Amino acid sequence: MIFRWLLLVSCLLVALIPQQSSAKKSDQPKVTATKLEHEPFSLFYFEDSETVLMSLKNGEFKQSFDGGEEWEDVASSEDGRVTQPVVFIRQHPFDKNKAYALGVDGHHLVTTDQAKTWRSFDIGDQPALQHPPLVFHGWDSSKVIYQSEECAGFFCITVRLLRESAAGCSWAVGHPHFAEDMDLNQELKDRSLCVVPGLKVPFGHANRLVYSDDYFVSNIEGTEVNLHEGRPVSGVISTAAVKKFIVAAVKSKGTEELALFVTTDTNTWHRAEFDGHRIEQDAYTMLESTNYSLQVDVLTSPSSNMGVLFTSNSNGTFFSRNIEHTNRDMEGTVDFEKIAGIQGIVMVNTVKNPKEVKSGQAKKVISRISFDDGRSFQPLKVGDKNLHLHSVTTFANIGRVFSSPAPGLVMGIGNTGDHLQKYSDGDLYISDDAGVTWRHALDGPHKYEFGDQGAVVMAISDKGKSNKISFSLDHGKEWGSVEIEHKIYPTMVTTTPDSTSLRFLLVGKQNEESGFIVYSIDFKGLHERKCEEDDFEKWPARLDENGEPDCLMGHKQFFRRRKANADCFVDEEFKDPQPIMEPCKCTAEDFECEFKGSEDGKSCIPALLPVPPEGCKNPDDTFMGPSGWRLIPGDTCIRDGGKNLDHDVEWRCKDAGNVPTSGEISVEKQYFDARQFSAYYYLERQSSSSGNDETIVMLTSERALYVSHDHGKTWKQPLKGEAINRIVPHPYNSDGAFLLTDGAEGFWTVDRGQSFKPFDAPAPPTEERLPTLTFHPQYQDWLIWTGAVDCGSGDCHSNAYISKNRGDNWELLQRYVQKCEFESREGRKDSTNLIFCEQFENENRNNRLQLVSSKNWFSDSTVHFRDVINYATMSEFIVVASRDTEKPDSLVASSSVDGETFAEAKFPPNVNVPVQTAYTVLESSTHAVFLHVTVSNSEGAEYGSIIKSNSNGTSYVLSLGAVNRNFRGYVDFEKMQGIEGVAVANVVSNVNKLSDGEPKKLRTMITHNDGGQWTLLSPPNKDAEGKDFGCSVEGEGVPGCSLHLHGYTERRDERDTFSSSSAIGLMLGVGNVGDHLGGEDEADTFITRDAGFTWKSVKKGRYIWEFGDAGSLIVIVPESKPTKTLYYSLDEGDTWLDFVFSDVEMQIDDISTVPSDTSKSFLLWGKELKSDYQDKLATVSVDFSGLRSSSCKLDENSAESHDYYLWEPKHPFQSDNCLFGHVEQYHRKKPSAQCWNDWREPHVHSIGENCPCTRADFECDYNYEPQSDGSCALVQGLAPPDAMAVCREDPEAYQYWEPSGYRRLPQSTCQGGREMDHIVSKPCPNREEEYKKKHGISGAGLFFAIVIPIAVASAVGYYGYTRWDGKFGQIRLGENVGTSQGLLSRDSLLITIPVTIIAGAVAVIKALPLLATSLWRSASGYVRLGRNRGYSRPYASRGSFAARRGDYTGVVDDEDELLGVEDLEADEEEEL
């Protein structure tokens, strides 16, 4: 007992003796190394943990739970399966517990508990490469979109398809801050956005943005997003979620300019304005932004990689300029970084010598810092010296460049002096006051990182191999070091995302042989104690010019920060530093312009000033309205005692945005010192273009250039004194044009005539009638110049030169050429550098002309044809006319789709032209070439046949015979713009009498199914004066009584077409009603509103016309006849009003408007008669915009609205509205609507369900010709096409279809119905077994085919037996007749046996067709099998229709292309 007490007392005494500290201070950090055979590819920490994930370049996937000391392979917790190789790992950005690992084999992993467990899931499609493979929901971390190369899907626990054929999908809530202050949780929680192909065109300029609130379940197409003024926009490239914003980038065809649309709720979108700057594709970078503004850097100098930094207002609509000449690299990376955790501090690098850089000198980069959110910038200072630091474009680590969550600690590699030097010559600099002052830290470049909220700073030399780690415990004032075991080339240094840990990870490469090493470096033992309250300071994050704490967003910001000299660690892992906010009184900096600011920045311009109820009677009257200022959302300033800029102010009525319009048409007349114009072109803004100009460039007969930006109201002479010979508009960029002179000098504009820059060509323009300039479709600065060489000697010839910088430099491409063209096309594989040239053999003009091509600027080339006459490019086809080797006086046509393989065209036998002298390529926008083959080229008797190709342009069928052409080879054929498949042509009705000298008699015909069937035009019943025509018919026209129109061959300007792509369904023409087309003096003017079904007489006599405002406005004026009056219609030609545009009579030769026909202004070209200006060219600008004051309201999601209705094109031979196998719907303004369309890009509203196949979806096959009843019959004496050719051409084909006489129209999407091209299939030779497998009936199928009819027969017989009551036709009410045992009772053998036999026999007879059908379907694989490989497939959905490759646009803008011997004649006036 005593011993126990003594033991207890001894223990107590020992306990009272002072003990040595358990946490003994160490001089060195703890270092642990892990060797790897392969390089780490991706590495990250889970937030608030020591767990690290790492993937290696060979696909290995590892994890560590102790900050990198020990590593293990990641495996599924379900089956222990290791997912390798892993191609992508990603931490969920909004859920710190989740991460995803995507495997290359479709097997993937997800963790929801920071890698403690992993769950596998399978998606077979490969992860996307061009888009982020995983897209995360900002509110609900269980929702993820998986984007693959094939499609896009979303998954949580299960995986299901989201949207096929999407160019990219995202959640509407792409960030936790999105719509966080709005009551939109239910509306947005499941909303997804997808960029999808256009309904008719799969190329980028037609892409649409759609959304769905149920993962596209109820509507596979989704609902189109109204991006611009409540209407959808085409050309959507991508979307991006940036804090509380979503940004959509849009680019229209024909311009490089982008439009950015911004929303904060996905419902209301606005176009962002950039203070006069234009944004181009791949020329802007979305930077790290705040919760209250977007920051964007816009490329201004592509060749020298410089930009301008912009910051938006709080709704992202108006951007103000922050700083010019920001430094960028080729990938669009910008030297820009916000200091982490501190509001308003931004570091950027700019170019000091921008002018010298543009002339080819090296950049001199300097560093700048802003402490007021980019309003002003100042240099970085080390004492009195300027400091320049390497930034994002030369960053050599991961994570942020300069800062971390450690408050106020900033580091960088650079130098003092005039400008930034090479990275290898830089030193390490540090600041502990958020960049206000800097000091030198270590010599040489280093990789660096912050830990323990800045209490530890670690660095390692980045100049060669090193084994020395430097560290500082006092904000970089003094440095210690520790050596590691191996010398390494460091590749990355990192730590926990919040920089609160004392443990760092260092990855380095030892040498080529020994692989990589991962070091875990733990500084926990370097201080003995944890910091106490006295070791902290209240540190102000921003200081003003007086050194006092500064206000931003209505408050001052402070941090509780460890003092630099405190000998302790904060040691609060995973506890982020929290800012302390103190409010300030409101100042002007707390307000922003609601719309945009004035030029001086001192006031705001409101988006719209509402006029008070009493209205504005006089422009100088005043009223009280909003100032245009507003408090920045999120600003916390105190209004009491501060500034208040958002109160109402006084405005004058003339400043109001909705003052009633004048109700009048305005006119401006201008005169020119020339008798006439030589040429004019519109440089039209596209939908994504900024500005509101309507630009025209015009060349007079005196070779003077004039430019107007207001549709001819005023004109300027920007190149006065320069003799311009020709205007060449850029065919792929409507902002650009080139102006050529007689010499080697020229000018160009790429900003719609705002400026013109000179360029020097390598030679004067070619003296032959050849294209001098040709352009690349995608790279719009790539040019080919064809110039005249050695013309002073006897060997004048043309050479081709190429420039890739808009004429700054030229290189010789080919010598002795006729023409050279880029043949790059969307959908044509590997064609970026593809060029075709017509070149004389052996560079001798006396030799044959060859067609050659090259993909490497003719370092080597391919000869396709050795005796070519000409070639033409139309849509996806290259068509070549070459001499027939067997008939030198005849031609052979060949075509290619890929630009590599050419196939000779197979002409139909009913086009019998023994000597083929000329072809005219008419049009090929519907996956088929329309080719006019000249049959007769006798003067005054020219005509030919229009033949139409299959989808690869090789096999032709007759579409229409005896089609009129003129001596120059142009053809009376025109496609209707805006609606596919409608075309008008003039045929010669008296072909047999032309040889007798009788003049041609023309009739006009129309097709509604792309040339498959043609009819005469239906004549109107009465003329414009209400009088009857000499004949009358109901429905389509008949010989002797139909409408005939003067066509393409009689036009002064090929741009004066019947129709417009924006005026859907409308056509105007000049002609007459009768047996054939009469003279122009007999012609009247006619209009159709239903795409040519019915016509109405508009005016007696010949008029010229233009459409405006997408068809809601039509203007006509007498052609070449003294007049001072024009006529206009606001209801699609139903009624007409007159307007006197001149006080003296004029002769009007032309009327013009923008090519899209969407303007409300028109320009009349002519001369005054009997005036002092009668010898001068005059233009009259007529502006109708004052007639109406409002825009029409369109609801895309509603079939009908107050201002619009849905219109469907029809086919004359069908009762439904199916055209090419589907129903199209277009929005058209109601003629009675008193508003303007104001829509620059009308488009298909929808493509309805695919229709069953009918005769209209097919045309006659090769060697077949149409009969009088519309059927197709084999031409007498000819054999059907070789159906087995598909078996020889395609080694994978196992079947072929016997010729039926029909082939499907390439653009038809019909399904089922009368599939007239596929009736009987047969196996390919040696593929019978596979054919049987696909078509043969299985044992189970045979069993059911036999048993089911017998069972049905038995059931029917039994039914007849059990229901027989001996009283046919009786209605039994309550009788108990079942007990009757008479001869006619149902139990009688006289009844039971015959009834059973008869009923069974009837059932079997009725079942036999079902059995036959069942057997046939079984033999056909039940579901109809696919067609021959390479054939156009039908479509199961509108989604699949939208995915179809090809171009379904309207008529090609280019004039007809001529291919023929006649091109060689000296009198040929046109050359293509």
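Yeah, the Cβs are placed from backbone N, Cα and C, and that goes for glycine too.
So that you can see what the record holds, here are the features copied from Swiss-Prot:
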CARBOHYD  ASN291  N-linked glycosylation site
CARBOHYD  ASN315  N-linked glycosylation site
CARBOHYD  ASN952  N-linked glycosylation site
REPEAT    64-72  repeat 'BNR 1'
REPEAT    369-378  repeat 'BNR 2'
REPEAT    429-439  repeat 'BNR 3'
REPEAT    706-716  repeat 'BNR 4'
REPEAT    801-811  repeat 'BNR 5'
REPEAT    1127-1136  repeat 'BNR 6'
SIGNAL    1-23  signal peptide
TOPO_DOM  24-1335  topological domain 'Lumenal'
TOPO_DOM  1357-1388  topological domain 'Cytoplasmic'
TOPO_DOM  1410-1472  topological domain 'Lumenal'
TRANSMEM  1336-1356  transmembrane segment
TRANSMEM  1389-1409  transmembrane segment
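In this structure, the CA atom of ASN952 (N-linked glycosylation site) is 54 Å away from the CA atom of ASN291 (N-linked glycosylation site). The average per-residue pLDDT of the prediction over the repeat 'BNR 5' (801-811) is 93, rounded to a whole number.
For the pair ASN315 (N-linked glycosylation site) and ASN291 (N-linked glycosylation site), the Cα-Cα distance reads 10 Å.
Looking only at other Cβ atoms within 10 Å, the busiest spot among the glycosylation sites ASN291, ASN315, ASN952 turns out to be ASN315.
Under DSSP, residues within the repeat 'BNR 3' (429-439) fall into helix, strand and coil as 0 helix, 4 strand, 7 coil. Shown for the repeat 'BNR 4' (706-716): DSSP residue counts in helix, strand and coil, namely 0 helix, 5 strand, 6 coil. Residue counts for the repeat 'BNR 1' (64-72) by DSSP state, with H, G and I taken as helix and E and B as strand, are 0 helix, 2 strand, 7 coil.
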